[in-house]
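Shown next, in structure tokens, is the structure this report addresses.
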Amino acid sequence: MKTVILMVLSQLASGSVNILYKIAVADGMNVQIMVFYRLVFATAFMAPLAFIIERRSRPRLSWTILFQGFVNGLLGAALGSNFNAESLIYTTTTFSSAMSNLTPGVTLILAVILRMESLDIHRLAGKAKLLGTILGIMGALILNLYKGMKIPFWSTNIHLLHTANVTATSAQPTTYNNVWGSTLAFLSCASYASWLIFQGKMRQRYPMYSNTALMCFCGAIEAGIYAFLRERDSSAWKLGWNIRLFTTSYSGIVSSGLAVTMIAWCTKLKGPLYVSSFYPLALIFVAIVGTLVLHEELHLGSIIGSIFIIAGLYIVLWGKAKELRLAETEALKSKAETEGLKSNNNGVIEIISFAGGNLATAAIVPELETDHQIVTTSAAPLQEP
């Protein structure tokens, strides 16, 4: 029950970031500066945590690890976060949250293209992964091409975007453009997918919290350079005691800090696929809150597209789980043949040794097989840094 509560809280924290992003943008905050400050707060939270928890297990920082941290920071923090934040300028929070669930399918496609993942369509697991990816793509197309009737939803007198716009001094354009917004959202998915594939190698060299802290640190530097090139006015960099400070500190400390810790702890107990199954909760939360307090319109096309994407996500995860169980069984059989182990009358191997991935990820990425143990190479401790 504890893991369920923690996973629900982590998804609420993740979903609320998009709501706060939307309000901060309406208040006139530059999205590039917003991402920079978020990564600064995330680094300030994760660095002491990594130092305390992993001070004995952390190896010496080498140039190789530093380079990998730079690439991880670029793909998983600076680029991915900027694309995601900028997509919110042109789309609704529900649209952006739905598109983010395409990351597993995009990761699978990239892994297959790079020949890091096999797609055996002759097996049920391979067919499931292919079907789930196709459903996700269909859902994204429905989100972009079909609007449909407006879904009636109860209204409130709260309109946070209107309140923010009243006080905005340099508001960025908020005209909805689903084509450009969906392009940015897809680029965000592609960036995170590339990061999930690349960071598996670094995860083998560097422990989780230190890895995340280094990634956020490098990402903050990269995002800061990009933000400075886009915005030179010093007044735009001031936070003050307002929604801008709350958004950046909350997203950095709560979403990229506390939520990461909760997800990592739950994954150690239940595994990555269990954790990934909770990810669509963020979409449901954003859809409800966005309609109530941001007065975003909810259309039939958004619901149908979201259902397709979520269904595709679960089918891909199911296929991957089945593939992992099959790989585990084959590894155990091979080990049994090597060591002369025998099965009991029920056909169950008596001695079981399985080293699975203990870090949260919604992505579908390849595994390494070493000494008949399946070791996950895709340890992503958070949905979005």
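Using the three backbone atoms N, Cα and C, a Cβ is placed for every residue, glycine included.
No curator has checked TrEMBL annotations; they are predicted automatically.
The domain 'EamA' feature in TrEMBL is assigned to 2-144 (among others).
According to TrEMBL, the domain 'EamA' annotation covers 180-317 (among others).
Residues annotated as transmembrane segment in TrEMBL: 31-53 (among others). With a cut-off of 8 Å between Cβ atoms, the residues of this chain six or more beyond the transmembrane segment (31-53) that come close are 21, 24-25, 77-78, 81-82, 85-86, 88-89, 172, 207, 209-210, 212-213, 216-217, 219-220, 223-224, 226-227, 230-231, 236-237, 239, 244, 247-249, 251-253, 256-258, 260-261, 385.
TrEMBL lists 65-83 (among others) with the feature transmembrane segment.
Taken from TrEMBL, the feature transmembrane segment applies to 95-116 (among others).
Summarising the annotation, TrEMBL assigns transmembrane segment to 128-146 (among others). Long-range contacts of the transmembrane segment (128-146) within the same chain, counting only residues at least 6 positions beyond its ends with a Cβ under 8 Å from a Cβ of the stretch, are 95, 98-99, 101-102, 104-105, 108-109, 119, 121, 178-179, 182, 186, 300-302, 304-320, 322-323, 364.
Sequence-distant contacts of the transmembrane segment (179-198), counting only residues of its own chain at least 6 positions beyond either end whose CB sits under 8 Å from a CB of the stretch, comprise 68, 71-72, 75-76, 79-81, 83-84, 86-91, 95-96, 99-100, 102-103, 106-107, 109-111, 114, 116, 140, 143-144, 361, 363, 365, 378, 380, 384. The transmembrane segment annotation in TrEMBL covers 179-198 (among others).
The transmembrane segment annotation in TrEMBL covers 210-229 (among others).
Residues annotated as transmembrane segment in TrEMBL: 249-266 (among others). Outside the transmembrane segment (249-266), and at least 6 residues removed from its termini, the chain residues within Cβ reach (under 8 Å) are 3, 6-7, 9-10, 13-14, 16-17, 20-21, 37-46, 49, 208-209, 212, 216, 274-275, 359-360, 381-385.
Among the features that TrEMBL reports, transmembrane segment is placed at 273-294 (among others).
Taken from TrEMBL, the feature transmembrane segment applies to 300-319 (among others). With a cut-off of 8 Å between Cβ atoms, the residues of this chain six or more beyond the transmembrane segment (300-319) that come close are 92, 94-95, 98-99, 101-102, 104-105, 108, 124-129, 131-143, 145-151, 273, 276-277, 279-280, 283, 287, 362, 364.
Remote same-chain partners of the transmembrane segment (65-83), defined as residues 6 or more beyond its termini with a Cβ less than 8 Å from a stretch Cβ, comprise 31-32, 35, 38-39, 59, 184-185, 187-188, 191-192, 194-196, 198-199, 201-202, 205-206, 211, 214-223, 226, 380, 384-385. Within the domain 'EamA' (2-144), the DSSP-based counts of helix, strand and coil residues read 116 helix, 0 strand, 27 coil.
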